[in-house]
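Worksheet: the structure to be examined is printed underneath.
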Amino acid sequence: MSGSRNNRVMVEGVGARVARGPDWKWGKQDGGEGHVGTVRSFESPEEVVVVWDNGTAANYRCSGAYDLRIMDSAPTGIKHDGTMCDTCRQQPIIGIRWKCAECTNYDLCTVCYHGDKHHLRHRFYRITTPGSERVLLESRRKSKKITARGIFAGARVVRGVDWQWEDQDGGNGRRGKVTEIQDWSASSPHSAAYVLWDNGAKNLYRVGFEGMSDLKCVQDAKGGSFYRDHCPVLGEQNGNRNPGGLLIGDLVNIDLELEIVQSLQHGHGGWTDGMFETLTTTGTVCGIDEDHDIVVQYPSGNRWTFNPAVLTKANVVRSGDAAQGAEGGTSPFQVGDLVQICYDIERIKLLQRGHGEWAEAMLPTLGKVGRVQQIYSDNDLKVEVCGTSWTYNPAAVSRVASVGSAISNATGERLSQLLKKLFETQESGDLNEELVKAAANGDVAKVDDLLKRQDVDVNGQCAGHTAMQAASQNGHVDILKLLLKHSVDVEAEDKDGDRAVHHAAFGDEGTVIEVLQRGGADLNARNKRRQTPLHIAVNKGHLQVVKKLLDFSCHPSLQDSEGDTPLHDAISKKRDDILAVLLEAGADVTITNNNGFNALHHAALRGNPSAMRVLLSKLPRPWIVDEKKDDGYTALHLAALNNHVEVAELLVHQGSANLDIQNVNQQTALHLAVERQHTQIVRLLVRAEAKLDIQDKDGDTPLHEALRHHTLSQLRQLQDMQDVGKVDTTTWEPSKNTLIMGLGTQGAEKKSAASIACFLAANGADLAVRNKKGQSPLDLCPDPNLCKTLAKCHKEKSSGQVGSHSPSMINNDSETLEECMVCSDLKRDTLFGPCGHIATCSLCSPRVKKCLLCKEQVQSRTKIEECVVCSDKKAAVLFQPCGHMCACENCASLMKKCVQCRAVVERRVPFVMCCSGKGTEDVADDIAGGNIPALQKDKDNTNVNADVQKLQQQLQDIKEQTMCPVCLDRLKNMIFMCGHGTCQLCGDRMSECPICRKAIERRILLYSMSC
């Protein structure tokens, strides 16, 4: 049977499109995570030949260890007769069949499944080949997607290993562009690529058909996303990879003693104090990871990863047993049995259909233990639980197993086997075990005694760990020093690739880091997830260990297997203190992870304003704020897209982000905010004077987008809007304050595309600009009354009646900024510290705990009095860095020191800016030289100067990176083994690196592109 199955896999697998699998260990042969290749042939039942889209061809394992996953088997021609994809109507389904486990007779093909068709919460069965065992998968909503890359539409290609089409491409080495993925034949979908060559020729070429690869990509393209862990492993018989016979959905217990569990957990997720709940509670298997470890979910909602040897399948009644009981007329339960209610709400809702149904009042009973009161004729159970009684499907409960002699014997036998398994790999008896345990417990005398014995291995392992690693994680410095005297290997790795320094970082042992550093340990060592000790310390939140590692010159910007640097991890963990320390140590903000996000992008995506504030305050080069992802998105695009208002405000005001940068679709941040109807972001960008008439790739302006999203139902809602009008739409006229100052702060207008459109028109958006279809914004407006309103708003703006720069508008703006944000009756007269904002009057300020403008904690409140110099006007200028406001505008311009504290004035902030309005910050150096900036300075000149300044900073940055740090005259063209470099002339004269002072072991010359 096994031989015939292997032959079948070999025949049916040729041509499949594959990606790297769970046991991959071949670096970037494939081009990286997500890159795709084609199964060319099978050398044997254990080996398969794959040609990657980048042209690399090699043998990979498909038995015992599994290097590959099948992303799409449609090119092989495998078809499921009698089936049809219920989305795209493909009939029959060719390739992998995905069958919904929660709907009747609902199937998807691979393209639709990975394209998120049907309900993402529903679980699916994966059926790889007709008649094969179906595998139940986690819902897609809970699963990770990665991007496929390779020969897809947009890729640049040359001829590949199976090319046989003479000079259709114009000759060897000539390039072309893939325009579409097509079918080579009706029975082999997605097995060919249509290419337009640079010489003008175009044709269809094989990419998977019968295992052939006519093309090789020199510049890959994205091919959509796929659920990596849902793809079958090439060559594996059981898609669940279920060690110990455990399947997803099984209920499991832990029947072992705590010490044994902790020993078995080494290298399998470890043990923490929070896991004590698992010793007395039944959990459900919810996943099996790539290392064959079991992920178990508990009634508390926590998920823990276990060594499969720790778990025992619970003695429970499953739905199949219940069904058999029903047919036989007897129930597997008895009155008085103690049962535990299923805690998976989605599952129990499904099971309760036709069995008493589900009620929201049953929610508190999930995961609780109750007693069976009655068994109905259809075997449904009446259970007393949480002081009430409910009817349950017998499949929705599990009987709490009693402790009997048979179970005790089985447990004793199992314990014996586990103990044997735990230590069966130790070659030198029990000495290694004793050494590791003594090191973990800090028993110096016993460790010293064991090390004197000739037959002990100082690097021996117990449960996958050495004595060095155990002592490091537990902070036993004396034992570490003792082990170092006996020439212990400080770089020994455990199953996960973690070294002693990783364990020290995990255990928050800064002193151990010092000892290991003196012992020659590599502080930049990486484990199998490519994590350094710094990654681990940041993820665990160990600030002192982070500082210690950085003090020892640990590299602050190395990337893990996901491409994340410690900066990314600090942002994810919301540790601003660690983030600041990393930035002070020179962490590189510009490094991007595998998804293309640098630290600024990551903070914007996460909506983390405190992290963004730290990043912007310590940004080494201001122009980094406008760095783009590969799709053209800047941090401001991401904040606008996800409606992270505070982050966007920081980027605009503190980061001075360019508001008009366009992504690959030529959309600005304003396009995205209008498209998603994020009114606060729209108001922010327009107030900051973003350009309103930039066109995207379709020629649409933000006003086109606003009117496209406008519907007649939204027009009807506008009739009741407080700030737009209180009569019917024929007399609807938006108030000028609403249109210019914002979109209102409450009511339905916040989500109204129509009010956004009026706001844009009132601020000068062009009503006549046409998109590529020849449509103006008014052509997209279905309501003539709204068209008239838009035209009127635009006309008033053009004539200056509603202009943002008109005197009336400035007065309105000033009045709005001066009124208290709480009561709106009195004027603002209280300065908040330490942020320096003015938001309320003195009567309302005691009630405000956080600043209404920046959300920072208010630590001080100072009422603004009259100018201490002239006593004629109120104080209206905030001095920085002292934070005092004690002088009016005229007097403040003459001061070099604060009259209140005598601190040097570095910057002056006008009253209007403290109220979050617009103004000009005075710089002390300019004032000292007599150059006081004018409030009405031309905006275009300011933008030009800012752009020139950014370019100068970029040029200076490039010079610093490329010039010799010694002579500062010649280009850097010699690199040392430490990673630093100089010019050749300086380098030849040195015996130690001028940067880190390490001895120069070897010199490597660099060559420019012109050499």
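Including glycine, each Cβ sits where the backbone N, Cα and C put it.
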Correct range for zinc finger (source Swiss-Prot, candidates 80-132, 398-450, 451-503): 80-132
Segment-level pLDDT (mean, integer) for the domain 'MIB/HERC2 2' (143-221): 90
Counts by DSSP class (helix H/G/I, strand E/B, coil) across the domain 'MIB/HERC2 2' (143-221): 3 helix, 38 strand, 38 coil
Same-chain residues near the repeat 'ANK 3' (496-525), Cβ under 8 Å, at least 6 residues beyond its ends: 267, 466, 468-475, 477, 480-481, 484, 490, 531-534, 536-537, 540, 542, 544-545, 547-549, 552-555, 558
